[in-house]
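Novice: After the structure tokens below, expect a handful of questions from me.
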Amino acid sequence: MDIDFDDLDGPSKAPMTKKDKFAPKNSKFKPVAKPKNEPDASAPSSEQIPVSVPKVELDGLPPPYVSVSSKTEIEQPSHTVSSSSSPSHEANGSVKNDNYVTDMKVDNDQQQDEEDQVVREIDVFFTSSIDANSKLYVLQYPLRPSWRPYELEERCEVVRVKPETAEVLSTAWRPPTANRYAVGILIGNKLHLNPVHSALQLRPSLQHLKHQNSLKQTNTRFDEETTKNEKFMQQVKKQGKLPGAVTKQNTDTKEQWIPLKYHGEMSLLSRRYMESMVGQQDSQIQFSMSQSDYIDSLCPATSGKPRPQGSSRSSLLKLPLEERIKKHLLEGPPTHRFNALKHLAPDSSDDDIFNVLKEHAHLVQGLWVVKTKLKCQGTDALLRNYAMLQFSKDPIFHEAQLPKQTRHIECMKVILDEFAAKRDSFRDWKFREPRDDSFIKIKVFLHSSFVFRFANTYRGAYSNYLHSAVCPFYCDNNGYQDELLWAAAWLHKASRRRQYREYIIRNEVILRAGDTINEFGWDNKHAGINVLISKEVLMGKSPDLKSFQNNADAFICSLCPGTAHLQVHYSPGGLIFKAGGSNMQHVTSLSFLLLTYSNYLSHANHVVSCGDKSASPALLRNLARHQVNYILGDNPIRMSYMVGYGPRYPQRIHHRGSSLPSVGAHPAHIGCKAGSRYFLSPDPNPNVLVGAVVGGPNTTDAFPDSRPFFQESEPTTYINAPLVGLLAYFAAHA
């Protein structure tokens, strides 16, 4: 198992764009775009892109429904139509203007994870209407392939509309009035907004599938319908009736098509309407109302939507950081995402924001909720704290968790309704907001960096202050210096922040990075520090850290049999052996580093030179594999040192819970000093501690399976932890 999780340091590989299955296989059917309008191949295709449509002067009629026929696309559905009253739209969905070109790309997957920064300020102008007789419509192309352009130019041959029915390209569908939307034209730093009367979705008629219908037949049929329609309109005029008042009795079997004339984007008429959409005069609006009220005055249909809660961002930014966040927590919505709160403190670090939030908010499902003491007191505060505690554990609050006292139930329901949606069928409440997994990751780093700053500020060994509690077994015998370098190396790898890299370089000598380089365990991290940092050098990223690679190479040479600088012993069966208690901790931790460094060397195509011999990645990998096999039973006495694994394993391990009888077998209380008879008993332990690895054999491969020999028979977490990584790697590369 590789202790490095920074494989993303290199350039990321974007997934290959999947070819549109609706794109023509033969390029001769593919529309040819002008060079200046050629879409970017890397731009994502859009399933539904709104554009403005030409002016349609049909006063008093419902929103029109447009049908478009193209003389060059007889065998394909008509998915496109160009706009004469809006900027030209390229195939990739970008909006083009003579004075300014801009691409606006929105990634929905990243909106919640990435910080939204203000990169530009734009003046907004509002034009209520182009003129009294004109309406602005938006056409949407749900099935438009990415390669098909919007502008039809000279290829558009027929445009017709049925205003009374909801027929769009032979598909019945009537959209709602779109009076809460607007189309904008961006010129320089000025955005000109024009309200949209309606939005229309163009659906394919699928007439192209009927191969017997040729273009000539289509045109002939349309001419007949046009002639019939003209006669019908003349008859209506003679009777003095408006088209809108015609009933079903006045029509044959269905409503007649009304022909329209199409104007391309470069036509004089389109240019004239484009200019009309750009405001020529402006009058400054005095903001005596709130921002939300102002938006509602422009688009009244939005007044029914919920407004943003709390003070505006501009007013909050005038306050000190702590007061700013506290005020927003109290006045804003019930829950807050960390990335959203960062917008209220653009000049503050994540650590500063995090420290303020810890004082004034609870963390529930990765979201921040204002602390109860700022909202209420007394019984209400207790109930609210209880609800927050339950939601922090599980997003579901069951009715069975309600308080038993009837007088508190209604109050609790009010609290739950603020944060969760009641589900009567399930008899529970579900937390309304999804969990903020992005902050949960940030939280781990923020806590780690805080602990690192604390340890670096108040340097010293923990056993100096906790001597009686941790000594003699867990004293800090090797000092605190290696722990600071170890922490800085991991924080740099996790965040790629320069400050941690500079800390390592600045403190390499002061914190004695080159001391006892062949040790790695709970009390000494020097070998791990050098191996971890050496990857930066092996991958060619940080040549100024070369000394750490030199230390790592020396560490490897100190473990390889047959080298001149061997600093460990090997038992006759080939097990690594170092002086001190619980030898298996050295076996698993050093083998873990051997395997890790072998992977680094493989990726860098490098070997370690140990005098007249060299250590290749394969040699290191085989050495680590042999140690794992020894632990699992491939040794002279055929003993598996993992309890419960194999036919023969330790039976009398030095472990209180394993050696004492269970409550079921011995219900009576066993005092702290009353376990001696079990400790000295020759009987096997009554409870098998499956998976635990003990201290292992002595230098002659002998193992006394006895509890008093604790150095050989005691299992520890710092033995098992590195072994998990080794087993995971070899299981995946068997």
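Every residue gets a Cβ built from N, Cα and C, even glycine.
Keep in mind that what you see is a predicted model, and the values were worked out from it rather than measured.
This is the feature table in TrEMBL:
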type	residues	note
REGION	1-98	region 'Disordered'
COMPBIAS	77-89	compositional bias 'Low complexity'
DOMAIN	447-727	domain 'Glycoside hydrolase family 9'
ACT_SITE	HIS654	active site
ACT_SITE	ASP705	active site
ACT_SITE	GLU714	active site
Novice: Considering every residue in the domain 'Glycoside hydrolase family 9' (447-727), what is the mean pLDDT value?
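Specialist: Averaging the confidence scores along the domain 'Glycoside hydrolase family 9' (447-727) gives 93.
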Novice: Might you list, by sequence position, any residue in that chain lying six or more from HIS654 (active site) with a Cβ less than 8 Å away from its Cβ?
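Specialist: In sequence order, VAL694, ARG707, PRO708, PHE709, PHE710, SER713, GLU714, PRO715 meet the Cβ cut-off.
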Novice: Ten-angstrom check, please: count other Cβ atoms within 10 Å of the Cβ of GLU714 (active site), all chains counted.
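Specialist: The answer is 18 other Cβ atoms.
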